[in-house]
Amino acid sequence: MAELLLGVNIDHIATLRNARGTAYPDPVQAAFIAEQAGADGITVHLREDRRHITDRDVRILRQTLDTRMNLEMAVTEEMLAIAVETKPHFCCLVPEKRQEVTTEGGQDVAGQRDKMRDACKRLADAGIQVSLFIDADEEQIKAAAEVGAPFIEIHTGCYADAKTDAEQAQELARIAKAATFAASLGLKVNAGHGLTYHNVKAIAAIPEMHELNIGHAIIGRAVMTGLKDAVAEMKRLMLEARG
């Protein structure tokens, strides 16, 4: 059974910051708190439109993290150049559409083997470990192994979005089968997308799982669990000002 790690995605700390164009909340501070709480790594997605994480965030995080940095990115010349310069510990190559709210599916590795092979080699030559974000599909898993990626990250969105227990069980079985197949090819298996406090345990129980990358659910829970203290502190400061 693989050691199970947690990668915390802090993109939506940056989303909240950018909504008002302020310097807070700071993703770097959030990363530090996550590490102190037990995160094994920090994940950020530098999108082409820079809708949340910025180039500056990436540079500072790379310099300050105590754990590992996982940079999610599209396979473009701009992003590859940034990765080679920044040298995160990991790069997860994801498909990207400007109009999407969040990543909608896995990378089509089988349909673009040469492009993915070149990207994997370029990143590996820079000392970066590569993961390919793919659906739980044997053809894509075989292609990932063929292009030289040591890791895959299985897209768990269909599992997370399942409308019925039967549908969710079917998706879980598909993910578990894919994880076993990937491990048989020598790939290390990560997973992520849509995982929450209610659905994570079944995925975590899959023996081949190495790391789960979770962000939105954790940030959403943090807002609720921290709201009481935040309101109380503001009220205390106001009353102190009146003596």
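Even glycines carry a Cβ here, placed using N, Cα and C.
Features reported for this protein in Swiss-Prot:
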ACT_SITE  H45  active site, proton acceptor
ACT_SITE  E72  active site, proton acceptor
ACT_SITE  H193  active site, proton donor
BINDING   N9, R20, G194, G215, H216  3-amino-2-oxopropyl phosphate binding site
BINDING   D11, H12, R47, H52, T102  1-deoxy-D-xylulose 5-phosphate binding site
SITE      E153  site 'Transition state stabilizer'
Inset, instruction - Within 10 Å of H52 (1-deoxy-D-xylulose 5-phosphate binding site) by C-alpha distance: pick out those among the recorded positions N9, R20, H45, E72, H193, G194, and say none if nothing qualifies. - result: H45
Inset, instruction - Filter the recorded positions H45, R47, H216 down to those whose C-alpha lies within 10 angstroms of the C-alpha of E72 (active site, proton acceptor); answer none if the list is empty. - result: H45, R47
Inset, instruction - Measure from the CA atom of the residue listed as 'active site, proton donor' to the CA atom of H12 (1-deoxy-D-xylulose 5-phosphate binding site) and give the result in Å, rounded to a whole number. - result: 14
Inset, instruction - Would you mind sorting out which of H45, R47, E153 (the recorded positions) have a C-alpha within 10 A of the one on N9 (3-amino-2-oxopropyl phosphate binding site)? - result: H45
Legend entry - Inter-residue Cα distance where the pair is H45 (active site, proton acceptor) and D11 (1-deoxy-D-xylulose 5-phosphate binding site), in Å: 7
Legend entry - For the binding-site residues R47, H216, the one whose C-beta sees the most other C-beta atoms within 10 angstroms: R47
